[in-house]
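As written in Swiss-Prot, here are the features:
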| type | residues | note |
| --- | --- | --- |
| COMPBIAS | 288-298 | compositional bias 'Basic and acidic residues' |
| CARBOHYD | ASN300 | N-linked glycosylation site |
| TOPO_DOM | 38-56 | topological domain 'Extracellular' |
| TOPO_DOM | 165-168 | topological domain 'Extracellular' |
| TOPO_DOM | 237-311 | topological domain 'Extracellular' |
| TRANSMEM | 17-37 | transmembrane segment |
| TRANSMEM | 57-77 | transmembrane segment |
| TRANSMEM | 79-99 | transmembrane segment |
| TRANSMEM | 101-121 | transmembrane segment |
| TRANSMEM | 144-164 | transmembrane segment |
| TRANSMEM | 169-189 | transmembrane segment |
| TRANSMEM | 216-236 | transmembrane segment |
Amino acid sequence: MHPQVASLFDNVYEDLAAATLEFIGTAFFLLFGLGGIQASTAEDTASGQPPASGIEHVLYISTCMGLSLVVSAWLFFRVTGGLFNPNISFALLLVGGLKPLRFVLFCIAQLTGAIAGAAIVRGLTSAPLSVNNVLQQGTSAAQGVFIEMFITAALVLSVLMLAAEKHEATPFAPVGIGLTLFACHLFAVYYTGAAMNSARAFGPAVISGFPEPQHWVYWVGPFLGSLLGAGFYATLKHYKYWHLNPDQATSDYRKSPSDPVALLKSTAETFINVGDEETRNGCASNEEGVRATGDEKSSNATSSRTNFSPV
């Protein structure tokens, strides 16, 4: 076997173990995220009350998915990275954060974990699954693709900048990533269901028999979003983005801004000193001008006497 090919399998047992835990983490994430959405729908149906308003429903779904990702990603962050998303895995592969074998194993684990999570939600609740990603009436397939592309790119960029990039805030990356998911849901959940994760759309679709005829939107859009997010990150790295705002991630208090009062006082003193210096320079220039004029007159008088000759 070629050495480069053999190197792909150097850590195969660790990759298999990580993929197994990624399967568990994905099922865990979607169990609580989708379970909360399913519970909301079941409560509206069982209570006989009018369904919650659109804004309440959007907020509830966004909160369920965002908090579920914060908790799940934080639990598995030190173990597998807490990806739970083949589109995130693909972006990490593109930027060198995942090796090819682990990428393939993670994608399999995430897709099967999504099926398992959706199956558990369906088995534990009495109502049919109401958590499938579907395009809202009036939303075209092209609009759905671009919405999914942009929100996936935002999620990818949050993972790359907060987790893949190492800095002092990296241990808290799951919070920022979860908030990004929450914000993206606020925008897109009405139009597309806000998948930004092909596994999240695939799992419930398998259990429900693929009720959305345009399910392909949730593969094409997130795939393009992975490319967009990874490309933007690569551009930032290539042009050394950290030079634009050096010491931003440091905790050294000496890098903090100086005392504003002292800075204001120093600036005022500088302006006063500059004004005094300009005044002194102006006076000196006037004195030199007066002396130069007097010397010129004396020189002219002397020249006149020297050049005078009687008739």
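In case you wondered, yes, glycine gets a Cβ from its N, Cα and C as well.
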Checklist entry - So which of 57-77, 79-99, 169-189 is most in touch with the transmembrane segment (17-37), counting Cβ pairs under 8 Å? => result 57-77
Next on the checklist: Under 8 Å for C-beta pairs, could you tell me which stretch among 57-77, 101-121, 216-236 has the largest tally with the transmembrane segment (144-164)?
Outcome noted: 216-236
Next on the checklist: Which residues of the chain, 6 or more past the ends of the transmembrane segment (57-77), have a CB below 8 A from one of its CBs?
Outcome noted: 21-22, 25, 28-30, 32-33, 35-37, 40, 51, 84, 163, 171, 173-175, 177-179, 181-183, 185-186, 189-190, 194
Item to check | Positions on the same chain near the topological domain 'Extracellular' (165-168), where near means CB under 8 A and six or more residues out | outcome: 249-251
Checklist entry - Same chain, outside the transmembrane segment (216-236) by at least 6, Cβ under 8 Å from its Cβ: which residues? => result 87-88, 90-91, 94-95, 133, 135, 141, 144-157, 160-161, 164, 192, 195-198, 201-202
